[in-house]
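Quick look at what TrEMBL lists:
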{"type": "COILED", "residues": "288-322", "note": "coiled coil"}
{"type": "COILED", "residues": "407-448", "note": "coiled coil"}
{"type": "COMPBIAS", "residues": "466-477", "note": "compositional bias 'Polar residues'"}
{"type": "COMPBIAS", "residues": "528-542", "note": "compositional bias 'Basic and acidic residues'"}
{"type": "DOMAIN", "residues": "123-202", "note": "domain 'RRM'"}
{"type": "REGION", "residues": "466-542", "note": "region 'Disordered'"}
Amino acid sequence: MMAAAADGLGSIAIDTTQLNMSVTDPTAWATAMNNLGMVPVGLPGQQLVSDSICVPGFDPSLNMMTGITPINPMIPGLGLVPPPPPTEVAVVKEIIHCKSCTLFPQNPNLPPPSTRERPPGCKTVFVGGLPENATEEIIQEVFEQCGDITAIRKSKKNFCHIRFAEEFMVDKAIYLSGYRMRLGSSTDKKDSGRLHVDFAQARDDFYEWECRQRMRAREERHRRKLEEDRLRPPSPPAIMHYSEHEAALLADKLKDDSKFSEAITVLLSWIERGEVNRRSANQFYSMVQSANSHVRRLMNEKATHEQEMEEAKENFKNALTGILTQFEQIVAVFNASTRQKAWDHFSKAQRKNIDIWRKHSEELRNAQSEQLMGIRREEEMEMSDDETCDSPTKKMRVDESALAAQAYALKEENDSLRWQLDAYRNEVELLKQEKEQLFRTEENLTKDQQLQFLQQTMQGMQQRSLMCASQHQNNNNGCRSGTRGGDDGGRGGDGGRGSVDDSDKDGCSSQADHSSDVGCGGDGGTFGDKKILGKDRLKAIT
């Protein structure tokens, strides 16, 4: 059935005469239809991707034979299709008209349909929400324009699974998710449904993906093996067997300087194998004699190389001496800059940089000096070894030159030590100055703290004196009010005595107590002279 449907669908074309939709901008409409992988309305026969950018004559089985992964023309960045629009720009979906159905896009204000995580090697999609009356031919008519369909498995519950030939065709089918599908012009619910297209996990897809992964792993192992074989050092050449002809050729090679190394290896192998006998002894002797003739040549080459080495050492020593001299001059400039006349005019940051540069230059100068001293010591040791073979006059000359070299070395070492001593003195002076500044700042801080403490103490004493003065004033006011209260109590006592019987002592005592209470009430608080005020009150009462 699928084969017949595929054969029948090969001749299906879009009948544009049944479309009554107006196209205001043909270019934009063509672009939108190309993004969907369908023939644009009003532009029959136009393909989704032109033949100029498609891979001509592409064989899908090529990757299984050579391990070449097929090019995906829908991957952005390869130049086959324009890059996808930015995520913040919403893609406007258009109405899609097919021969048997019409696809209406969803409301652009709604969120896009959700999809599951894409399985590896996915070539199968799940299509849900199909109309109940949708047939397999209609489904193939809609989705075959996304790519070649290899299989359609339709269920009775309004969904199906579609398997494409390549993975990139799945992306085109996912674009149709959210469209509402209507069969013909019918308004029946069975003829309409909202499509939901999502990735599907199929065993065939996963198996093919695993096969590709294993094939790539085999190719990678093969490539690594070839690389290891290429980088492996070559094996030694094979040693031919001994014969008189080969021996004669080897004798000629031993006389040639360019082929001597190869020939001596073959000769050594023959001797170790036991090829020497009475018959071949003379021939081997001549070859050994030819090998011995190269000793003089090797000694001459060694002497030449030793002379070149001596000249290189001398050139290196002279260059090192010049470098050391320049280092000494640089260090002298830094030492002159650190003296009092110039040092005071530099800022703190400049002094710090000069000090760092000076220390770094001194370290490099000392390292170069030690290296030069080591070279001279080696020369002295070589000269001392040669003293045993020279005449006495030559020994004296060598001793004089050695003493001169030692004196020069000691002089340089003395100069370097003197410069280091000057640098250390300058550092000590700087440290002393910084210490004095820190001590002065600490003394100033201590004096400021003491002055502040004394000020706080004086303020506290002033506040206490003001409180004492106010308390004393309140006490004086209390004394005056108490005196006035005592006089009033005395006057009340005289009036009472005139009206109360003289023989009633209890009444007098109670009146005295009353007057004393009045006097105490007029006192208005504690006071130091209460005894004096009490006597005055008793006198006033009596």
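Any Cβ shown, glycine's included, is placed from N, Cα and C.
TrEMBL does not curate its annotations; it predicts them automatically.
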Three-state composition of the domain 'RRM' (123-202), taking helix and strand from DSSP: 22 helix, 28 strand, 30 coil
Residue counts (helix, strand, coil, in that order) that DSSP gives for the compositional bias 'Polar residues' (466-477): 12 helix, 0 strand, 0 coil
Predicted model, mean pLDDT over the coiled coil (407-448): 83
